[in-house]
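According to TrEMBL, the features are:
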| type | residues | note |
| --- | --- | --- |
| ACT_SITE | HIS157 | active site, proton donor/acceptor |
| ACT_SITE | LYS161 | active site, proton donor |
| BINDING | GLY10, ALA11, ALA12, GLY13, ARG14, MET15, GLU36, GLY100, THR101, THR102, SER124, GLY125, ASN126, MET127 | NAD(+) binding site |
| BINDING | HIS158, GLY167, THR168 | (S)-2,3,4,5-tetrahydrodipicolinate binding site |
| DOMAIN | 4-127 | domain 'Dihydrodipicolinate reductase N-terminal' |
| DOMAIN | 130-266 | domain 'Dihydrodipicolinate reductase C-terminal' |
Amino acid sequence: MSVMKLAIAGAAGRMGRTLTRIVHETEGCEVAGGLEPPGSPHLGADMGVLAGIGEIGATVGEDALGLVSRIDGVIDFTVPAATVALAELTAQARIVHVIGTTGFSADDEAKLRAAARHATIVKSGNMSLGVNLLAALVRKVAATLDEDFDIEIAEMHHRHKVDAPSGTALLLGEAAAEGRDIPLEAHAVRTRDGHTGPRPDGAIGFATLRGGSVVGEHSVIFAGEAERLELSHKAESRDIFARGAVKAALWARGRKPGLMSMADVLGLADF
Ligand SMILES: NC(=O)C1=CN([C@@H]2O[C@H](COP(=O)(O)OP(=O)(O)OC[C@H]3O[C@@H](n4cnc5c(N)ncnc54)[C@H](OP(=O)(O)O)[C@@H]3O)[C@@H](O)[C@H]2O)C=CC1
Ligand SMILES: O=C(O)C1=N[C@H](C(=O)O)C[C@H](O)C1
């Protein structure tokens, strides 16, 4: 098969720069161009220079429509509004769209599901192998322990992160809720402040920490009477997310349109 031409949306961002380097060094794919919003100071820049690997001859642009017509797929770690707009274009072009962006509203999620009728979308709040394995373990533990064990999810990220709880925390919350066979929306306690009253039975709680340069840390705590089980993942580099996203793009190539997850890519859906 020919080399997969991949564009990177959010090419000048923390993940975008990491993705340029990982795509460039991965066999079977190449960096075909990048996207940043109109007015970005990075428009026209060589993506390799931004990524710290020297010139690669692929540049950052703002013309998403023109770009999708000449690529096989796009890897997108941007902001929800940009991802939803780009999904309309990847649907029109019927190409692969790997979505790492987090912080979507319910309305955004519905639009992405609609786009997935024509685009081949792989979307996950965390593209790393470790977190997706952790989610599978959380589902099993939540199914095994009854409601006497309270579930709390704690996360810490760098000071620049703009959404909370993190996409990963929500993914882990979904896994816990699936294990308990309950809807997460009805049981999630996303913030606590003031006189909250006692913890509701069956709640899945979230705690958010932000500071410094932390790449991403998550713990799922099962707290029972006189014993506590904690399952944790610590990301030490953004490379793990970028490698997962590239794996997803290569996996999705040639597949039918639909909305898939990293668990599908990694074969963990029935774990
Ligand atoms: N699923 C996963 O495994 C992971 C997900 N993430 C998620 O990825 C997203 C990005 O994270 P991070 O790289 O740290 O954030 P950054 O802010 O560093 O990067 C986002 C980039 O997207 C750009 N952007 C904004 N709007 C558009 C647009 N319309 N078109 C093209 N580019 C646009 C921004 O430009 P500007 O700054 O000029 O607005 C910025 O360069 C977040 O939602 C984060 O939670 C992060 C790591 C792993
Ligand atoms: O914004 C980040 O940095 C990260 N975002 C993702 C999330 O919201 O969970 C994944 C990772 O933890 C890093």
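From the backbone N, Cα and C atoms, a Cβ is placed for every residue, glycine too.
These numbers come from a predicted model, not from an experiment.
All features noted in TrEMBL, drawn onto the structure.
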| residue | record | DSSP (3 states) |
| --- | --- | --- |
| GLY10 | NAD(+) binding site | coil |
| THR101 | NAD(+) binding site | coil |
| SER124 | NAD(+) binding site | coil |
| HIS157 | active site, proton donor/acceptor | strand |
| GLY167 | (S)-2,3,4,5-tetrahydrodipicolinate binding site | helix |
Site of maximum Cβ density within 10 Å, from recorded positions ARG14, HIS157, HIS158, LYS161
HIS157
Listed in sequence order, the binding-site residues within 10 angstroms (C-alpha to C-alpha) of HIS158 ((S)-2,3,4,5-tetrahydrodipicolinate binding site) out of GLY10, ALA12, ARG14, GLU36, ASN126 are none
To the nearest Å, how far is the Cα of the residue listed as 'active site, proton donor' from the Cα of THR101 (NAD(+) binding site)?
12
For the binding-site residues GLY10, ARG14, SER124, GLY167, which residues place their CB under 6 A from an atom of ligand 2?
GLY167
Can you give me the same-chain residues 6 or more apart in sequence from SER124 (NAD(+) binding site) with a CB-CB distance under 8 Å?
ILE99, GLY100, ASN132, GLY167, LEU171, GLY244, ALA248, SER261, MET262, ALA263
For GLY10, GLY167, listed as binding-site residues, tell me which one has the smallest number of other Cβ atoms within 10 Å.
GLY167
Whole-number Å distance between the CA of HIS157 (active site, proton donor/acceptor) and the CA of THR168 ((S)-2,3,4,5-tetrahydrodipicolinate binding site)?
11
Tell me the Cβ neighbour count for ALA12 (NAD(+) binding site), meaning other Cβ atoms within 10 Å of its Cβ, over all protein chains shown.
21
Recorded positions close to ligand 1 - of THR101, HIS157, HIS158, THR168, only those whose C-beta is under 6 Å away:
THR101
Return only the integer: C-alpha distance in Å from GLU36 (NAD(+) binding site) to THR168 ((S)-2,3,4,5-tetrahydrodipicolinate binding site).
24
When the binding-site residues THR101, ASN126, THR168 are compared by other Cβ atoms within 10 Å, fewest goes to THR101
